[in-house]
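Asker: Take a look at this one; I'll ask things after.
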């Protein structure tokens with residue numbers, strides 16, 4: 001099989017030829033050729049008009065170069081009249097003017113050789129190239145690119161967004177900082193270079209469940225430079241903060257799903273510090289990590305051709321009249337036809353006396369639970385100590401506060417912030433994700449309403465952080481645990497964020513997430529004194545994810 005791939009979502013005009021006897025796996029006979037002509041603005045960031053002009057000039061050239069590459073290679077059954085089996089192109093997400101040029105070129109080549117057309121989601125291609133080349137079965141994927149940052153996991157025929165940026169993409173955030181200090185695009189490599197000579201400078205650390213935000217970090221970083229902090233120190237602080245956030249949410253996704261494989265995608269993934277952090281985190285929790293080589297991390301047509309081959313083999317092609325582009329094409333909108341419905345990132349099984357959570361080790365000792373936030377070697381020591389100490393104190397405080405407000409939580413028996421250690425009463429038989437039901441999820445909605453009315457949030461109300469079960473009449477009892485990301489707030493938006501995190505965790509772990517979420521929301525409305533304001537904020541939050 002030989003597939004021509006065409007990429008041009010923003011800055012990289014790229015074409016590729018992917019040859020393989022089996023698109024489902026890596027073979028010794030695989031061959032990938034990539035030709036790329038990257039747009040580089042004279043100053044500032046990417047300008048859509050200039051980028052489109054570049055695509056108009058460069059796409060025909062890189063496509064012809066890729067087609068010429070097929071000449072001299074083995075034809076199909078001795079017939080060289082059509083040197084490719086299909087044309088795959090990036091339908092989105094991306095800049096509309098650039099995408100239209102790519103789509104036009106793809107249609108022209110498909111008609112020229114009378115071969116099928118395959119429309120590929122750019123972000124899913126970032127994921128699939130890592131899954132393909134790693135040989136992993138069903139990994140969690142961190143996509144860290146210019147306009148995007150999200151955590152994906154496969155379940156029930158689609159890639160589910162387990163977490164994502166709530167404002168700007170990670171690469172764009174870094175570029176905004178570098179433009180502020182007069183550095184040219186792209187800014188990421190320059191930040192990486194200067195960070196090597198810098199000392200850690202503290203910046204805001206924003207993780208909410210498995211979502212994250214970068215705008216506050218960038219504002220603080222720009223202000224720090226303006227205030228005279230050495231730029232090398234600010235760059236070091238940016239790397240240590242942003243990449244620790246991405247690594248933490250990746251670990252939270254592994255913990256939520258029980259997966260033991262992680263792949264990295266996206267151009268920001270070329271950063272060596274980020275790769276080391278992710279590798280250390282996975283090693284610490286005995287998971288496998290894979291980062292493709294750089295030519296497959298940055299925007300490239302090779303990943304488009306590889307995913308195109310999988311889709312073509314599954315019969316997932318489109319007619320030319322249906323091949324319109326979608327500049328807001330979210331990865332969770334893609335019907336994943338090339339994977340079996342029985343596959344899932346969901347492999348979690350509870351068992352044993354010790355459990356590795358997202359940021360702590362939990363040991364069961366009779367009627368006690370001993371939770372220790374062990375040091376995370378991937379984080380800068382100063383940042384790591386601050387987070388572990390703050391979260392230990394906050395968890396103990398809010399667990400007791402929730403209990404005083406009528407929410408079932410375990411008794412706190414001992415706290416040692418210096419050792420990041422808490423001893424709790426043991427509650428429940430298993431996690432909610434192992435015993436999902438409408439009634440139990442409705443209880444979670446009810447408990448969240450009570451703590452919100454009391455003036456604080458849970459911070460991470462996933463199906464891993466609710467214990468269920470008990471003896472006799474308490475068999476359906478639900479108990480909230482792990483308030484480490486919680487904080488005091490009266491803001492409706494902060495309360496809505498709890499509901500958003502719950503919704504994401506249900507999407508990643510439940511077979512019928514919509515029904516379960518409705519049960520939680522109905523119970524919340526009944527219990528809360530401020531439901532209207534909270535749900536208005538929730539609508540706003542859900543419109544902020546990339547390409548909503």
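Glycine is treated like the rest: Cβ placed from N, Cα and C.
Found this in Swiss-Prot, in case it helps:
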ACT_SITE  460  active site, proton acceptor
BINDING   122, 126, 299  Fe cation binding site
BINDING   143, 144, 145, 146, 147, 175, 188, 192, 271  L-threonylcarbamoyladenylate binding site
BINDING   355, 356, 357, 358, 359, 360, 361, 362, 371  ATP binding site
COMPBIAS  390-404  compositional bias 'Basic and acidic residues'
DOMAIN    349-548  domain 'Protein kinase'
REGION    1-338  region 'Kae1'
REGION    390-413  region 'Disordered'
Asker: Given the recorded positions 143, 145, 355, 371, 460, tell me which ones have a C-alpha lying within 10 Å of the C-alpha of residue 299 (Fe cation binding site).
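Answerer: Of 143, 145, 355, 371, 460, within range: 145.
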Asker: Can you tell me whether DSSP puts residue 143 (L-threonylcarbamoyladenylate binding site) in helix, strand or coil?
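Answerer: Residue 143 (L-threonylcarbamoyladenylate binding site) sits in a strand per DSSP.
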Asker: Tally the residues of the region 'Disordered' (390-413) by DSSP class, grouping H, G and I as helix, E and B as strand, and everything else as coil.
Answerer: 15 helix, 2 strand, 7 coil
Asker: Tell me, by DSSP, whether residue 460 (active site, proton acceptor) is helix, strand or coil?
Answerer: coil
Asker: With H, G and I counted as helix, E and B as strand and the rest as coil, say where DSSP puts residue 122 (Fe cation binding site).
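Answerer: SS state of residue 122 (Fe cation binding site) = helix.
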Asker: Relative to the Cα of residue 126 (Fe cation binding site), which of the recorded positions 143, 271, 460 have a Cα no more than 10 Å away?
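Answerer: Cα within 10 Å of residue 126 (Fe cation binding site): 143.
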Asker: Can you tell me how far the Cα of residue 357 (ATP binding site) sits from the Cα of residue 460 (active site, proton acceptor), in Å?
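Answerer: Residue 357 (ATP binding site) and residue 460 (active site, proton acceptor) have their Cα atoms 13 Å apart.
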Asker: If you count other Cβ atoms within 10 Å of each one's Cβ, which of the binding-site residues 143, 145, 271, 361 has the most?
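Answerer: When each Cβ's neighbours within 10 Å are tallied, 143 tops the list.
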